[in-house]
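The site 'Transition state stabilizer' annotation in TrEMBL covers A:88. Summarising the annotation, TrEMBL assigns active site, proton donor to A:169. Positions annotated as site 'Important for enzyme activity' by TrEMBL: A:184. Residues or ranges marked as region 'Disordered' by TrEMBL: A:303-331. The compositional bias 'Basic and acidic residues' annotation in TrEMBL covers A:303-325.
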């Protein structure tokens, strides 16, 4: 099914967007950016339920390497995987599909009824059917689309050249049945990367190896990627612990102080996400129009047009020099 | 069984060509005519014929519902129309006779459905144009007997070549106009603007609207993405309906420069009016 027919809009792959989707699903997890895989950074975010690796191969970099060709990794397809795995059947739904592949394998997951029912309904289905069922779920699609710009100006179907925002690929790494698994909606089966040690960092240590090996198969600078952590929402436990300390008369000691800082950071991050999400959902046409009219009234529109023309000419000249096709306008 | 080509409508018209890389159109002095003909292939042909040489220099196939004529109000000098195809970015510019309305309406009607018979409302023309049941080619001009040489001389058809249109580089981008450098100083010089913009902000912001929030919005990737989207949508030339919701004429939805021109117009109009 084409993206245009599917009714799934392309979303940003932003932690705020993912977390809002999780909230809609009634799941007490959040998604955070991971800037590093080192033990200290990851320890601060535990318990981590899954790692989401999203990446884009940059076309100027030659042929994309095939990671499955790297031998000795102990990775194997698991066609008999009894857990949840769905194929990606609509490209625009890739982010939500990755989230579903993660959520479907979290034991005893708390969530709202619609998600529970969808997971139960798809139990025992093959990956392709499961993918189709998920993609046809109206409420899930609406939850997904809730964070894309209003369709008043939908650019689907106009045959416009694609910008660099799309075409990210999503892969989930998480523990299941004592092994680290890789769920890639574009592959036939889940991939089992082998068992992990329970102690210490647990499955994270094994996952780190696998992700780093994956990144290393690409020539330096040829990959644009992000790592996200799907983790328990820390707010409830932080708040509960602080309350405990305050009630025990220890509201002024160092642990309480640390908690207050953590809570402040977490809350300001949520506020930033709420701000960005409200902008994402909004139709900005009225604001765009009002600003341009104001510029015109202040006599600033004409000079701005001149400036914009010059900038465009410079940009075109630069592109011709480099011999590149396409045009990103935020250069 | 195919019929010989049958002329449905014909009138005198000239041509003009778009200067490459600009929106300027240069008039061509050749005398010509637009002929709408149902061809031997049963398809509707839009033909421009050079009346001096007799050559058929343009021959476009139109499918019913595919194309329509839209008047361009601000084209200087003549009565200029855009022949717009709903299926592509291609645009053809034509000028009609001074019985503009009637011709355009009939042309639209014919373009919508070649089997309908256009009816002319005039004392001077002897009979209605024939329907497709007429056999044999007919290329007589349909201009009424009273048309003056000046009027004839004034008719220009503006036809744009296909190749030139599709490889067009964008002239400018709205993202380069609505930059923080251009917009933020406005808030300082025109502080009344700030509360005037509040109604256009998202209704579910986590903090109440303020100058600072406005600044954050203008510089946000979400807003810049929205400007980019709108810029791209304008380039398709198909936002005529959408821009009317902003109180702008349909022409404003045909491109970025057209939109900006209309904004300039609108801002002049508003100065003369009381706004609440």
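Cβ atoms here come from the backbone N, Cα and C positions, even for glycine.
In TrEMBL, annotation is done automatically, which means it is predicted and not curated.
Cβ neighbour count for residue A:184 (site 'Important for enzyme activity') (all protein chains, 10 Å cutoff from its Cβ): 21. In the three-state DSSP assignment, the secondary structure recorded for the residue listed as 'active site, proton donor' is strand. Look at the compositional bias 'Basic and acidic residues' (A:303-325): DSSP puts its residues at 20 helix, 0 strand, 3 coil.
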